[in-house]
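Student: Pasting a structure here, questions to come.
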Amino acid sequence: MAKQTASAPVVGSAPSASRSPEAAVQKQSSAKPAQQVTAVEMGARQREISVSEFFTKNRHLLGFDSPRKSLLTCVKEAVDNALDASEEAGILPDVTVRLEVVPTNGTTPPASQATRFRITVTDNGPGIVRQQIPRIFAKLLYGSKFHRMRMSRGQQGIGISAAGMYGQLTTGKPVKIISRTGPRAAAHFFEVQIDTKKNEPLVHENKQIDWHQPQGTEVTLEVEGKYQKGRASVDEWLEQTSIANPHVRLIYHTPEGETKEYPRTYHELPPSPREIKPHPYGIEFGMFLKMLQDTKSHGVAGFLTSDFCRVSPQLAEDMCKAAKVSPNLAPRALKGPAAEALYRTIQDTKIMAPPTNCISPIGEKAILSGLYKQIKGEFYTAVSRPPAVYRGNPFLIEAGLAYGNRPVDQAKPQQPVQPKAEGEDEEEDSELARVIRYANRVPLLYQQSACSTFKAALSTTWKHYGVSQSRGALPAGPMVIFVHMASVWVPFTSESKEAIADYDEIQKEITLALRECGRRLGLFLRRRERAASEFRRRNIFELYIEEVVEACDRLKGGTLPKAKLKAQLQKIASSRTGGAKTDEALGKTGGGPEGLPHSIIVTADGVEGDVVVASPVETDAAAAPAETDLLGNAPEEETPARTRPDRMKPPKAGTGGMKKRPSPQIPLFDKAKPSGRSKKPAHPAPRGKK
Ligand SMILES: Nc1ncnc2c1ncn2[C@@H]1O[C@H](COP(=O)(O)OP(=O)(O)OP(=O)(O)O)[C@@H](O)[C@H]1O
């Protein structure tokens, strides 16, 4: 409705007697607001808006806001698709990402100053059938995943076509695609653009070509962007992708001419997730009505059994009876109050939780492997929670931790300690932990504070686990917190898929997973501290043993069996200082960390725990990217990630990694029983407390 403006005539006010009626009419018409339109005029302007037009104007909703983020979004969409397709086809993914600077005005600027990039992503997946290529790459909301209840990276059917549209908008260039479905099939080359008015593809080029790859897809996009390393960069995203996807071999050609290879460290594909039907609890009433209209079943009971999971024929009959609806009634005839009664009955009936084989977790071993491969720390642990359900959608939370500084650094001569001013923080307190977040194995780099995973990390009381933490802040110290949500439908806060929405069920599961990681970290820290102090005491005893033995021998006139006495005293010194458990906690025995399942401990003497996941892998060590420390800095001397002779100690033959102990797990120095499987989390005393 048009607003009445200040200059509009006031209804009911009498015209001034001094003015003629003509003048009054003239005044009234001249005061009419210029913008007033009739319903008919408005109707003439009303028309459909195509989804492409909408997202052209609102491209920030899809992650194309700043040039830097847009570059990342394009890479992300193409890599996600490559991984989804390869995994679905049962192929261990080999993905190559090439970022090149596109010359502008005949000159090629350095990568950090360039504004135009060519992104090429190649996979060894199943390829795409020729007829589908134009619509996949040049039609928004077209895909194979939206209607399926199955875990995948992509969900919406909008990602790669939106990336193509962004390229088209910013550079005018079409998307180029090569795809081949098998060694006997021809390779097809396409150049497509999107007709944004109609949301339909325009094919510029379509031909058969010779392609060196027997199978797979290659997508090339030319886009406006900004390349800058560091946080939330393409480099960081690929690095984090490799942590959560150790079954992927990733080669990255940076725009600066470097080649980084993230080798495959896990040689099995994640179990293929099964497609499931919706669970009755997750369906809203409007959706239920729509399903009644769309079903192929002839009776309501049959509809409930065949269109939902976990509804047996008997349960369907019982629910119909309780709602006073005939089980044989045609679903389309069920409307109004009767439909509502059945819907309410379903919601009030106890129905088994949905099956969980529709999600495929990363797994503790693979998380450990990924963290160990990419992050230099001292302690690593990983937890996979049992599946849970939100709004009828199954999901599963996994968490991991990498903690500490490199043992190599510890071995360095200590700098003299500078006295601190009163109230001045310890150096390690000033560095906060870093949270790396994933949804269906895809790293989430933006909108951290809006994400459920980050909120759960903030609200966890890390002080219980021996790590300092200020109120409302992340824990302090060299620590990476890893959280992964796997689900058939991840509830993102927006279409750009950057943060996970805050459902209570999801928050609770993340918190429980983080608490278990924290508990293990606390146990590790406390043990290590006590073991180190016992070890120092033992060394002091050792110093005096020689003297004592010599003195006793002199008293006995040189007749004492010195070696025997020395051995006896050493035995006493060892048993008084924690015995073998001190050696174990300090990594001097090569044994596993007791009470710390799915954990790795790195000491100056070697690696303990799930060592198998830290074992060498298939490709050439020299090609591996240098690992970064917890702050993302490269080491001074670049050591290949997979072969760290300083740290590697192969597992003892037959142990297969962590030492298995039949007896209940007892922590090193505690009298109380632990930990590993006890339901109540043990809260070790904060560091420094004896
Ligand atoms: N490299 C590829 N190999 C095989 N199929 C592909 C490839 N890339 C895309 N596809 C197919 O194209 C479809 C559309 O991809 P698109 O990225 O637009 O959406 P999506 O991955 O389904 O969902 P989202 O919008 O959440 O990313 C996919 O569902 C998939 O079937």
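Don't overthink the numbers, they just go from 1 along the chain as shown.
Any Cβ shown, glycine's included, is placed from N, Cα and C.
Unlike curated entries, TrEMBL annotations are predicted automatically.
So TrEMBL lists these for the protein:
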REGION    1-39  region 'Disordered'
COMPBIAS  1-24  compositional bias 'Low complexity'
DOMAIN    66-227  domain 'Histidine kinase/HSP90-like ATPase'
BINDING   Asn81, Asp123, Ser144, Lys145, Gly154, Gln155, Gln156, Gly157, Ile158, Gly159, Ile160, Ser161, Lys497  ATP binding site
REGION    407-429  region 'Disordered'
COMPBIAS  407-420  compositional bias 'Low complexity'
REGION    572-594  region 'Disordered'
REGION    622-690  region 'Disordered'
COMPBIAS  622-631  compositional bias 'Low complexity'
COMPBIAS  639-649  compositional bias 'Basic and acidic residues'
COMPBIAS  674-690  compositional bias 'Basic residues'
Student: Got a sec? Which of these binding-site residues, Asn81, Ser144, Gln156, has the most Cβ atoms within 10 Å?
Tutor: Asn81
Student: Using a Cβ-Cβ cut-off under 8 angstroms and a sequence gap of six or more, which residues of the chain neighbour Lys497 (ATP binding site)?
Tutor: Gly63, Gln155, Gln156, Ala439, Val442, Leu444, Val490
Student: So, three-state DSSP: helix, strand or coil for Ile160 (ATP binding site)?
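Tutor: Where Ile160 (ATP binding site) sits, the three-state DSSP reduction gives helix.
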Student: So, three-state DSSP: helix, strand or coil for Asn81 (ATP binding site)?
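Tutor: Going by the DSSP assignment, Asn81 (ATP binding site) falls within a helical segment, counted as helix.
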Student: Name the residues of the same chain, 6+ apart in sequence, whose Cβ is under 8 Å from the Cβ of Gly154 (ATP binding site)?
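Tutor: Gly154 (ATP binding site) has long-range Cβ partners Asp80, Asn81, Asp84, Gly143, Lys145.
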Student: Let me make sure I understand the span of the ATP site: among Asn81, Asp123, Ser144, Lys145, Gly154, Gln155, Gln156, Gly157, Ile158, Gly159, Ile160, Ser161, Lys497, what is the greatest distance between any two Cα atoms, in Å?
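Tutor: The widest Cα-Cα gap among those binding residues is 23 Å.
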